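Novice: Quick one: structure below, then a few questions.
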Amino acid sequence: MFEWLHDLSSWALFDIFGLAKESHLGEAVHFFIYDTIKIFILLILIIYLVTILRSYFPVERARAYISGKHKITGHILAALFGVITPFCSCSAIPLFLGFLQARIPLGVTFSYLISAPLSDAVVIALLLSLFGWKIALLYVGVGLLIAIVAGLIIGTMNLEKEILIEVKPVDVVSFNEEKITFSNRAKEAWEYTEDIFKKIYLYVIVGVGIGAFIHGYVPADFISKYAGGDAWYAPIIGVAMGIPMYSSAAGILPLVEVLTQKGMLLGTALSFMMAVVALSLPEAMILKRVLSLKLIAIFFGVVGFGILLVGYLFNIIL
Amino acid sequence: MKIEILGTGCAKCKTLEAVVKEAVAKSGKFVQIEKVDDLMEIMKYQVVSTPGLVIDNKVVSTRRVLSVEEVLSLINERL
């Protein structure tokens, strides 16, 4: 898909600027230029298309749809809606309360809250173009499974009393969608894409920069020996590293790409990425306004455990 | 007329508030503007994705940052 870009950047760097092709510097710079442009093109395209698609599935509609569904169905639906509806961690609280207000059970609400950042449609599309459909599909499947099972577990623990503010249920959950023309959706999606791009392009450059350095200077067996390999504790280190980091998955993916090329097992790399997006300290701070520490700890514990399992699973089967 | 901006304090909510103020100033009409950041108040309107825009107790938009022109036409429609 991107051979032309690879050739173009080779031509520019090695033939025009005369950089030595086989040198560490040449390798690193070439990788940096090529990968930055590639990720930028992918990001803009993917975010734009996904945003247009998403404008047809507002959270309000998802909420109206999930409310009143049978329990297990509710968990599955909530996890699926997590993939297609837009989610921003700054509206995590209104979203959370809004779900409870519609009498959607706590466990089902968590299924949504876990699935939304974890199985983000932009991330899935990026995975698809960087790693192929098998890995993308596996990631979605496992992400949904974590969201469903974690929600089910939280649902059985009777934690309703850990919600710190009183939620008054509403009787009728209605949703009247405004009529929006396609050209409006397209225009809005473009504005949103610009907005997101401005927010994450620096992360991408830094991520690819670190990646380029590793690519050019760090021998492959170094990473497989120390940071990856089949050491049993590797996924644990991945998750522990991921939680305090706050970046969108789109920003962290370039790094994941390089780490795996250099011998980190994919499971470890994905656990790291999932921890970055699904378990962020800033989100915990936001949720602390409405949930007890105990519930947040359980939430992090259950999801963290699920992510670890994914790491081990991917490491074993891939 | 009363316009309420529902939001818990994210960047988009602040942008929308600024847009509404500009639109009201341009309209030259007497409009009361209120920023609602109390969660309970927001939930009364059943708004799940912020920012939300409420005109005379009716939700007219959620999730989006409207343009000044859009808010202006919403105001003019109702006066």
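Glycine residues also receive a Cβ, built from the backbone N, Cα and C atoms like all the rest.
Predicted automatically and left uncurated, TrEMBL annotations should be read as such.
TrEMBL feature annotations, pasted as is:
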type	residues	note
ACT_SITE	B:C10	active site, nucleophile
ACT_SITE	B:C13	active site, nucleophile
DISULFID	B:C10-B:C13	disulfide bond
DOMAIN	B:1-75	domain 'Thioredoxin-like fold'
Novice: Residues with Cβ closer than 8 Å to the Cβ of B:C10 (active site, nucleophile), same chain and 6+ apart in sequence?
Specialist: B:T50, B:P51
Novice: Let me check the 10 A CB neighbour count of B:C13 (active site, nucleophile). How many other CB atoms are there?
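Specialist: Counting Cβ neighbours of B:C13 (active site, nucleophile) within 10 Å gives 21.
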Novice: State the three-class DSSP label for B:C10 (active site, nucleophile), counting H, G and I as helix, E and B as strand, and everything else as coil.
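Specialist: The residue in question, B:C10 (active site, nucleophile), is coil (DSSP, three-state).
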Novice: Under DSSP, the domain 'Thioredoxin-like fold' (B:1-75) has how many residues in helix, strand and coil?
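Specialist: Split by secondary structure, the domain 'Thioredoxin-like fold' (B:1-75) comes out as 31 helix, 19 strand, 25 coil.
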